[in-house]
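Structure first, commentary second.
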Amino acid sequence: MRVAASATQNPFFFVYPKPDENGKILKRWLLFPFNLHYKFINGAITLHTPLPSSSLFLMGTHSSSSSFSALQSYLQALAQTPRRLASRAPSVSSSYEELSRVKARSGSDMQRTLRWFDLVGLGIGGMVGAGVFVTTGRASRLYAGPAIVVSYAIAGLCALLSAFCYTEFAVHIPVAGGAFSYLRITFGEFAAFLTGANLITEYVMSNAAVSRGLTSYMGAAMGVSTTKWRFILPLLPNGFNEIDLVAPAIVLILTLIICYSTRESSVVNMILTTLHILFIAFVILMGLWKGDWNNFTHPGNPQHPSGFFPYGASGVFNGAAMVYLSYIGYDAVSTMAEEVRDPVKDIPIGVSGSVIIVTILYCLMAASMSMLLPYDMIDVEAPFSAAFSGRSEWVARVIGVGASFGILTSLLVAMLGQARYMCVIGRSNVVPAWFARVHPKTSTPVNASAFLGIFTAAIALFTDLNILLNLVSIGTLFVFYMVSNAVIYRRYVMVGTTKPWPTLSFLCLFSLTSTIFTLVWHFTPPGKPKPFLLGACVVIAISILQVFHCMVPQARKPAFWGVPFMPWLPSISIFLNVFLLGSLDGPSYVRFGFFSALAVLVYVLYSVHASFDAEIEGCLGQKNVEIVEESKQSGEEEDPSQKV
C-alpha cells in the first residue's frame, strides 16, 4: 500500500490513494493513541494529527537513508550499537501486531487450506522418521531393557506437555513463526532471534543428515551399496570428501514441492505417512506373531539382570531421555498455524492428536521388538532389521522400505517448518525482508523455501553423516524449554498491569532446581547420598511451585484454548526438558555455544541495526497506527464529509 505523507511544522498528514478504477473502495480503521481528525479530500482519506515530540526528535536525528546505505552510515550505526541494543534487544511485540502489521510485510497471505487431519498427518510424518528404528535398540540394550515400552510412554508424556504449550500460543497467535513469534511477544527480540537462529541452523543440519541417511536406507532396501552413487574427492578433507548426488537431488525435489503449494505438500505427506504407518503396523503384527512373551522377563544370557525392569527406574528414565529425540518434529506443525482453516479447533486436535498417536505406535513397536529378542541380544544399530534377519529376510527388506518412507516424510515436514520460521524472522526485519515474501500465486514463502532448500542440498552433497549428527538435537530441546517458560510468563505477566519480577524469580529458581537435580542424577555416584539429594531437589521444586501458585495470580486467561492445570503442567515440561538437556553429550553443547556466539555476532553487526531502522520507519509511518483493511464492493457510497 502506497502512502503519500507530508509534514509542515506541527501538523502531519497521511494521504491514502483514491478508490481503484473498478470502483472498489478500501475502508480502513486507524487507531492512534492520541486524538485524530481525518476526512475525505478529493476522494482520498486524509489524516491530520499533531506529531509527538519523540517522533519529531527521531525525524531530526535520523536521516532518510538506512544504516546500510553507505559505509559511513554503517560505521555511524556501529558507534550507536549500545544504545540500539538497549532499545531493540528487550523490545516486545504484541500479538495484534504479529497478526496484522508484521504479517502484512510478506505481501500476499498464505492460504488457509489445512484441517485438523492435515495437521495430524504432518505431525506423524514429522516425528516418525528413522529415529525410532535406531534409538529403540540402543535404549533397550543399554538402559531400559523390556521396560523400553515405559520409556516411550514417559517420553511421549513429556512431548505432550511441550505440545500443550505450543498449542496455547498457536491458537492465540496463528502465524507461521512458531516458537520465534511466541518468544518475541514474551521475552523480546533478542531472545527470539537467538533461539530462532539456533533452530534454523539445527533444521538445516538435521535435514542434510536425514537426506544422507535416506540414501543409505534406500540402498539397503534395494540391495544396492551406497558406494554406487557416492564417490571420493581426494582434494577435500576427510568427512567432507564423500560426494552424495542422490541426497541433494531429493532435497531439491522436496523444495520444489513445498514451493508449489502447502496443500499439495500436505497431500504428498499424507500419502507417504499412510504408507509408512502401514509398514509400522506390519512390523508390529509380525513381531507379535513371531515373538515370545518370555522375552519380556528373561534375558538371553542368564548372568545379565532379569525381569521387566532389569536396570531399575534410572534405566527407564535414561532410556526415555534417549528415545525422546524420536518425538522431535511436532513443533513444525505449529509453524503451519497461519495456513489452518480453523485454528481454535484444528490446532489442538492436530498437535496433541499426532503426539498421542505416535506415542501409541512407538510403544507397540517397542513391545514388538522386545518380544522378538531378549533385550541383551538386540542389535544396537538396526534392531528391527536384525531381529528379523535370521527368520525372514524379506521382512528385513520391507522394514528398510518402510524406514525410507518415514525418513522422507520427516524431511518434508521439517523443510516446511524451516521455511516458515525463516519467513517470519524476515518479517521482523532481523534478517533481510526478502525472506518474508509470500508468492502471490502459490501462497507459500518461496524465497525462504528455495534459499534453505539449496543451502541444505549443498551441505548434504559433501558432509559426512557422523559430523552432521553431532550438530543436532540441543537447539530443539532448548526451544521447548523456552516456550514452556514463555507460556507461564505470558499467563502471569501483563505489561503495565503486573510486575514481572515474581514470575521471573519463580522461573529462575525452578530452572536452577531442575538443573541441580539433573547434575546430581548424571554425575553423583550411586550410594545413600544420591537418593537424598534427588528427593531434596524434588521437595524444593514442588515447594517453589506451590508458593508461586498460591501467591501470584494469573494476569490473563486464554480466550480460546489454554494449557490446563497452570502452572503445574508447563513447570513439569520445564523440568523434563532440563533433564533431557542434561543427557546430551559434550559436542552438542560445543555446537550450541558456537552457533549461539555466531548468532549474537550477526545480531550485533546486522540485525539490531536493521530492526532499529524499521522501528524509525514505523514511528514515521505505522508504529502507532494499526490498519485493518476491509474490501467494500462498488455501489456502496461513502459520504465525503463523513469522518472515518
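Glycine is no exception: its Cβ is also placed from the backbone N, Cα and C atoms.
For the domain 'Cationic amino acid transporter C-terminal' (561-611), the model's pLDDT averages out at 88. According to TrEMBL, the feature domain 'Cationic amino acid transporter C-terminal' maps to 561-611.
As annotated by TrEMBL, transmembrane segment applies to 142-167 (among others).
Residues or ranges marked as transmembrane segment in TrEMBL: 179-200 (among others).
Taken from TrEMBL, the feature transmembrane segment applies to 267-289 (among others).
The annotation transmembrane segment is assigned in TrEMBL to 309-330 (among others).
The transmembrane segment annotation in TrEMBL covers 351-374 (among others). Same-chain neighbours of the transmembrane segment (351-374): 116, 119-124, 126-128, 132, 136-137, 140, 146, 148-149, 151-153, 155-157, 159-160, 163-164, 166-167, 170, 277, 280, 283-284, 286-288, 290-293, 295-296, 298-300, 323, 326-327, 330, 333-334, 383-384, 387-388, counting only residues six or more beyond its ends whose CB sits under 8 Å from a CB of the stretch.
According to TrEMBL, the transmembrane segment annotation covers 394-417 (among others).
For the transmembrane segment (444-462), the residues of the chain that approach it from at least six positions outside its boundaries are 106, 110, 176, 200, 203-205, 207-209, 211-212, 233, 236, 240-245, 247-249, 251-252, 254-255, 258-262, 415, 418-420, 422-423, 426, 434-438, 468, judged by C-beta separation under 8 angstroms. According to TrEMBL, the feature transmembrane segment maps to 444-462 (among others).
Per TrEMBL, the feature transmembrane segment maps to 468-489 (among others).
Look at TrEMBL and you will find 501-520 (among others) tagged as transmembrane segment.
With a cut-off of 8 Å between Cβ atoms, the residues of this chain six or more beyond the transmembrane segment (532-552) that come close are 492, 502-503, 506, 509-510, 513-514, 516-517, 520-521, 524, 567-568, 571, 575. Per TrEMBL, transmembrane segment is recorded for 532-552 (among others).
Beyond the transmembrane segment (559-582), the same-chain residues lying 6 or more positions past its ends with a Cβ under 8 Å from any Cβ of the stretch are 158, 161-162, 164-165, 167-168, 171-172, 317, 321, 324, 344, 347-348, 474, 477-478, 480-481, 484-485, 487-488, 491-492, 507, 510-511, 514-515, 517-519, 521-522, 541, 545, 548-549. The transmembrane segment annotation in TrEMBL covers 559-582 (among others).
If you look up TrEMBL, you'll see 588-606 (among others) marked as transmembrane segment.
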Q. Among 142-167, 179-200, 267-289, which stretch has the highest count of C-beta pairs below 8 Å with the transmembrane segment (588-606)?
A. 179-200
